[in-house]
Amino acid sequence: MSSPGRPKGEYRSAQHAGAVAGPPGRPDGEHRGSSGADPNGRLRQACDSLGLRVEAAQADKLLAYLAQMQRWNRTYNLTAIRDPEQMLVQHLFDSLSVVDPLSRVVGADTAATVYDIGSGGGLPGVVLAIMRPTWQIGCVDAVEKKMAFVRQMSGVLALPNLRALHARVEELPPAGCDVVISRAFASLNDFASLAGRHVRNDGTLVAMKGKVPEDEIQTLHQQGEWQVQEIQALQVPALDAQRCLIWMRRSQGTL
């Protein structure tokens, strides 16, 4: 598996203008664009801007997933975001923004194993399963109703590569994943402490964040086992807010 290209123990900080404050660990930004525009057209434009090739069947599944989330959300409170326009941008486009970066590390057509920790309603795990059908995706969450939704999506959307794991991440047996990712789970140190055991020796932890969490990085490095390898700025289509990926690898000499 290739790496983002930074030596262990070092990281590259990406400065990015336009931050909008939001909840700790996953700031919500302001979206731009017309809510009246055709969702299919907007989805294809977003994929184009992200350098993603999306087949018609994949676009249909992405929009069906979003529609099902809106439907389930009325009863099961899968997400605090309820406005369809905000869900399109802050959930779907945000999750799509990590597909290409992950593909560059593990390969787009490999049989990579990826865990999505604290997945909630399947973000970004369901999106990854749709866009990369050869990847084996495990969505992990301690809330049963959210995993019931992901399990339903695996069947409704015909995603045999998607599994829903209703459990606390620390209680699952080690999975030997190529990548373990989280979108709104915990601080970097807590994420590494709880989920790092599921990453194979040369694998990668990836945290989706808003602005660069400098304090969290310092705390992580003080613990010594995991180091930030790279900070990659993301530009989410139609979203005026900072987004970044924090890539982490085990420090030299730790297993």
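Note: Cβ is positioned from N, Cα and C throughout, glycine not excepted.
Record features (Swiss-Prot):
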- Gly118, Leu123, Val169, Glu170, Arg183: S-adenosyl-L-methionine binding site (BINDING)
- 1-44: region 'Disordered' (REGION)
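Residues near Val169 (S-adenosyl-L-methionine binding site) in space but far in sequence (CB under 8 A, at least 6 apart, same chain), listed by position: Tyr115, Ile117, Gly118, Val140, Leu194, Ala195, His198.
Cβ contacts within 10 Å of Gly118 (S-adenosyl-L-methionine binding site), excluding its own Cβ and spanning all protein chains shown: 22.
Within 10 Å of the Cβ of Arg183 (S-adenosyl-L-methionine binding site) there are 22 other Cβ atoms, across all protein chains. Close to Leu123 (S-adenosyl-L-methionine binding site) in the fold, though at least 6 residues off in sequence, lie Thr79, His91, Asp94, Ser95, Asp116, Arg183, each with a CB less than 8 Å from its CB.
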